[in-house]
Amino acid sequence: MDSSEEHTRCPARGTCPVFLAMSAGTVRYAPLGLCPALEGNLREEPWGTDSPPQPDQGLPPPLAAVPVPWKSTDPCQGHRESPGALVETSAGEEAQGQEGPAATQLDVLRLRSSSMEIREKGSEFLKEELHRAQKELKLKDEECERLSKVREQLEQELEELTASLFEEAHKMVREANMKQAASEKQLKEAGGKVDTILFAEFQAWREAPTLDKTCPFLERVHREDVGPCLDFTMQELSTLVRAAVEDNTLTIEPVASQTLPAVKVAEVECSSTNTCALSGLTRTCRHRIRLGDSESHYYISPSSRARITAVCNFFTYIRYIQQGLVRQDAEPMFWEIMRLRKEMSLAKLGFFPQEA
């Protein structure tokens with residue numbers, strides 16, 4: 001590039017020449033107000049393109065070039081740009097143009113490396129989250145399967161329970177229907193057979209139940225059933241037994257398989273195990289009776305025991321009615337009393353279970 005000179009005049013200072021020397025690859029400029037000696041030393045020293053420039057001997061180092069246009073700061077001079085400033089700017093842009101692609105490539109490589117690192121970390125995070133989600137999903141599937149099995153088991157148990165309840169309910173209904181049919185049948189039979197006078201006496205006694213033998217109902221039962229059933233050969237003992245049965249103080253207990261030694265027996269034995277104390281007959285006695293608080297025991301035969309037991313069952317039932325423990329209609333109560341009277345009649349005739 002050719003060198004050029006520009007003279008700037010200032011009214012206050014006169015002519016102050018500024019020498020700008022420009023050659024290939026170098027820019028030299030002197031500020032305003034330098035002395036003539038320094039101005040004479042300003043010169044251009046060319047250098048080759050393959051060797052770096054050498055600083056001037058005995059001169060201060062040149063000012064660094066800035067990539068902006070040079071402007072005059074003299075207030076007397078208007079705005080003007082120096083041709084050297086333009087050359088300096090072009091050189092800076094050229095240097096920047098040469099370094100730009102390398103810097104850009106380095107930035108791209110850095111961005112690409114950061115992007116790959118972020119991508120790898122994101123991939124690892126997503127893999128961990130996926131593994132965690134799969135594990136939780138597996139646990140939930142197992143829990144759902146377990147709950148499904150529990151539900152199936154409960155449903156099966158519920159079905160079985162429902163079926164059992166329905167079966168039990170149908171069974172109870174059938175039994176109730178059968179009992180109702182039997183009661184209706186007995187009622188019809190009672191309307192056609194049983195004695196109306198006896199039933200009327202029972203209803204009158206049921207309205208005010210008592211154990212007094214003077215009432216018509218109990219007086220009849222004592223006369224027709226209780227008296228004959230407890231009428232044994234030994235009249236004195238029979239009377240005592242009847243009184244104990246009516247007072248509910250008679251005790252019947254089985255006899256031991258072997259007789260205890262005499263020294264250990266404190267009670268008074270009034271008969272032997274081979275003779276009935278009520279009938280006087282020789283029989284194998286498996287039971288004995290005790291009257292009230294007496295310490296005396298009487299061995300009785302199976303037939304005598306059956307007769308006493310039948311009478312005791314009758315008095316037990318009428319005591320339950322008197323105490324209000326039997327809550328039935330009049331007809332079922334009446335037929336139960338008839339059944340107990342039948343047992344007394346059969347026992348009096350000698351019909352009794354063998355286990356007695």
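Every residue gets a Cβ built from N, Cα and C, even glycine.
It is 123-171, from the ranges 74-122, 123-171, that TrEMBL records as coiled coil. Assigned with DSSP, the residues of the domain 'GDP/GTP exchange factor Sec2 N-terminal' (122-188) fall into helix, strand and coil as follows: 67 helix, 0 strand, 0 coil.
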